[in-house]
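A.B. asks: One structure, pasted below without further comment.
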């Protein structure tokens, strides 16, 4: 259960880190959208390991194949299935894992839930699962761009205690991609990279915060009650591996203001558009987009897999020590950026179709 | 759309703040559960306005009627529908609202989405909508308690910058209910109440943080990918009015630690149970409960409706001023506590049934 | 579970025959649709018992109240909840039913499933449950009419072995309503009424076939695979009490033709529209409407509740005799007509919104 | 939309007849079920073309690969994805189809819906889509067998006007598989085969009726209202290509009886089990299984694709003639048998898990 996401634009991911492969089936995609494997690959390449010196040296080409739903370069309206084969497996790296539970990993909970587990790597809890999300997100982004010129841009806002200065209203994808840590604050990016490298050399890991902005989101997207736009986005990003917190707009800091200080006053702009002076709401009021930029942040914990030795237990409960042998990211943040973008785009695209279906028919 | 929540234990809420009433239909409730309107009313009374000097003086008795699904004091397994009639409406308080958009409220976005709005109060975006959630949550809590002795306890952790000291492992409902602000840190509670009253007198409002703990959650609840337990809880609480942020376990603060510092080492306790020494995971690893206490926090912004005058625009975009006339909470936190508990209980109950359906049948 | 129907235009019904009432929550209704309780009542009156000498003499006014979702005569886009209170209960008629299982009724299976049952009448399996469907169907019909001039007309095609001659392409609602059995073949209608009355006097019951036509259904509604239009309609009508069979277009009789005889050849009509010469497909090809009239039939068994004495067992398995005492329809067909129409309209309306959401956005 | 089926045991199929392949993702499968590609292949071989002289001579090996969800021969509880590559395509057979609409096929309606179509064969409307269903059905069957010894057996009941005599209470899979038309009435089977061959030689096609029985279905499976067991089964089988009608139990013929004749009287059998003397209900009362055999019938129209020349139009609406060139089944019935079984098994397995989740937890 729980491998499907979305209501009208709906994706189902499948696959473990070891086995035949990972992928996604996208149901409900509008027909006649031009899309190619190359476009999808671009996003997958932003996600893939081994892309830079601060990500895991595992070489996973992660080449995607579109199995269905696209014909002569256009979507058919039928399910788009995308498959990425698994490669470069080094099962010997994982031998210990058949026995020992990695701290703060899902090994023990999968065993508790299912009574069985593919112990050759993370199995279904591996970050490889996000390949399907990012592939689907590439399509969602294209629909959003085409229908409403929506842009979804994520970036590293903070690595441990190094916090960048970035203006969400103007940041560009080029700026994000200008360095390997994906922090558009260039100077700080250098220090972040240094910190990640140094931490990796120590066999340890660090976390941080990804911020994401969605611009040009049409007013009216979102739903009033359970499927509030911020609720669906919260679920979307909190379902990413290693995420521990979520904020929309003013977030936790907003709780330190009074209502008078916090409220976003309205005005009418030069085009007669109703706007807000400030944007502490983060672009959403009552669960529905108000036309301002949607701004959100996601906290990612330090990578659980580290080379430093830690106490743990075996499947049978015997106490033991474990030092990870595989090749792992000392910091997931740079690769988390396209994942966050994908999840936000999936939510917005689903709500775009839902809104169109219900509210633009009479 | 978006008025249904849950997969197996599934609720649908309905109703606006003004009109016939608000309520909920609960589908999928296990049969033969003893339940009475009185038990449900207990939770509704914790949520209702006018319960103390620091909540809105609106007198809403919020008496619930069970319309279906219960027979001779037991659930039938068929839909339980619960209705609370609307009363004590003072439409004259809302006259201005037909024309003026309240800052940081949903008036403008509802108009943008639907092109129509019940302007006699908050309509569907009113906190009255949460009556249905709290009523359903009372039933979810009872199932959880009966099946697995699960306890779900929320409390005010922080009001503005006043942060209480509370031990989630031992806090009791009695402690929470021992004062009107629902902060079990008694001394601080007094200061919180004072701050809320003072803010209310100034026609302003304040926010804060609710913390919630779920104890005795069976290992194995949750799903691996999109419906991770923390993702579903995030959606659940971020769908509450005025919520701006969510954390599980270490949350945002956890991003300041290294992996070695952050990881929860395993050990085997005196009963042979595999446990974690620390609980930075917040009781969930890989989306699945690990048996430790589930601990989460929700940020609530300061109430948007304030008596202080603010700039805004009319429906037609004309700039104007607005000072709310209705009777409003200067701080939603005390009443948000039962709402958070309800949402957490709804998620856990749904996952309890889902887990049982899939994983305990072979 | 299973009390919700539809994907975008989604209804949830609730209520037992005895207890507070029955009703429906409609989620996803387009906003700004003019609708009144009176319009809904018109359809409910076609469904209600006691409307003529050939239906049960139970007097159920079945007056509906709109609790939410409608404001100043227009839909808000938020959930529309409609409640019909239960009245005129004669629990003494049902005393025996607490103990004895009525043959071909749901008493025994409800007990088997839930281990508990509201034995004061049919409980949830009562035909009163269809009040919510018919109320929601009235709204679905209005949307269909307004958006695409779709007409959904059902009628009694056959009572036992009396089969009427009706042209689905031209039949009108007035013709259907011109007699109490709802068979537009006037002459035969008289004989049908006579047969029903005679059967009722004997304490027995009869069944038959309802045919339903949907005209002006836009080409393209429907989905290719599981949610084929005929599959969703089949589920919709087979979920009505007492239904035992379903046919679309040529149905079972079509299996006696060869492919050459059965295929619907295409031609281009005077407006340049691609049409089929015959309509054995029943307006649907590959699950998707082709613009021809959608024609379907539903078999309804003879009413299970009869005054004639039959063998049965008690809840404890003791063999006994039962002769129903309540007031029951000797034939459900006349009242089934608005139910079939409602279910067909609900499916079409849902697919109208779904198609609009996915296929008319790029 | 509409490519997902089931609630707890949930499948999503993908793929067109031409392109990378077809397949299925199964979510919600209980963990630790022993399953192999070979077991699944057995069912696929019953479905595949070219298996006998009365099916299309297209050689499609339809070899399945399990991509995920199975580890060391057991299900993991995570999504099981199964892929069958497309082969043996002869696009030249389909050249005409790019232009001409095949009568009673989905070519025209897909164009109407999506404005685009993979014209190299049936695309998504091809019977190849059912590969995913049959593969998933093999797993559903195994779960049903293992949990409750449920058997699901389909067979050809009628070919055109040749109706076999089969006892659903005793028929075996061996009897069904004893001849290539899958009719357990051996003598009649010979005549059926002859009729199919003769019809095929004439370039024409025929249809008929598949009957299916499910034995040992636990009492209590099913839901009361929309998801009645017969409603879900109706949808399941009416979503199969070429199906035109559905009956449960007495079906259409039952409408010719009176209630007294039709009702299934109860008795208590030698094991103290409450049973029915007759089974006109077809094993389901009020949407819920009563423990008797579930018996249903599905009408399949004659194959639409025939070599005989017919009138049709081109995509542009120009009138023309078409005689199919590809290799096609003169009768789909023998291959429809495993499809019907699969769909019935999928419904039962989903309801098994749902019932367990809701009703067997307290």
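Here the Cβ of each residue, glycine as well, is placed from N, Cα and C on the backbone.
TrEMBL: automatically predicted annotations, no manual curation.
From TrEMBL, here are the annotated features:
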BINDING   B:47, B:53  NADP(+) binding site
BINDING   B:124, B:125, B:126, B:286, B:301, B:302, B:303, B:304, B:305, B:327  FMN binding site
A.B. asks: Do me a favour and check the Cα-Cα span between residue B:53 (NADP(+) binding site) and residue B:303 (FMN binding site); whole Å is fine.
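C.D. replies: For residue B:53 (NADP(+) binding site) versus residue B:303 (FMN binding site), the Cα atoms are 16 Å apart.
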A.B. asks: On a count of neighbouring CB atoms within 10 A, which of the binding-site residues B:303, B:305 is highest?
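C.D. replies: That would be B:303, with the most Cβ atoms nearby.
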A.B. asks: Based on Cα distances to residue B:47 (NADP(+) binding site), point out the closest of the binding-site residues B:124, B:126, B:301, B:303, B:305.
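C.D. replies: The answer is B:126.
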A.B. asks: Would you find the one among the binding-site residues B:47, B:53 whose Cβ has the most company, meaning other Cβ atoms within 10 Å?
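C.D. replies: Selected residue: B:47.
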A.B. asks: Within the chain of residue B:126 (FMN binding site), which residues six or more apart in sequence place their C-beta under 8 angstroms from its C-beta?
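C.D. replies: Once residues fewer than 6 apart are set aside, residue B:126 (FMN binding site) is near B:16, B:17.
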A.B. asks: Does residue B:124 (FMN binding site) have same-chain partners at least 6 apart in sequence with Cβ under 8 Å from its own Cβ, and which are they?
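C.D. replies: Result: B:15, B:16, B:110, B:118.
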A.B. asks: Sequence gap of 6 or more, C-beta under 8 Å: which same-chain residues meet both conditions with respect to residue B:301 (FMN binding site)?
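C.D. replies: Sequence-distant Cβ neighbours: B:104, B:207, B:242, B:243, B:244.
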A.B. asks: Cβ within less than 8 Å of a chain C Cβ is the test here; which of the binding-site residues B:47, B:53, B:124, B:126 meet it?
C.D. replies: B:124
A.B. asks: Per DSSP, residue B:303 (FMN binding site) is which: helix, strand or coil?
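C.D. replies: In the DSSP reduction, residue B:303 (FMN binding site) maps to coil.
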A.B. asks: Near chain A by Cβ (under 8 Å): which of the binding-site residues B:47, B:53, B:126?
C.D. replies: none
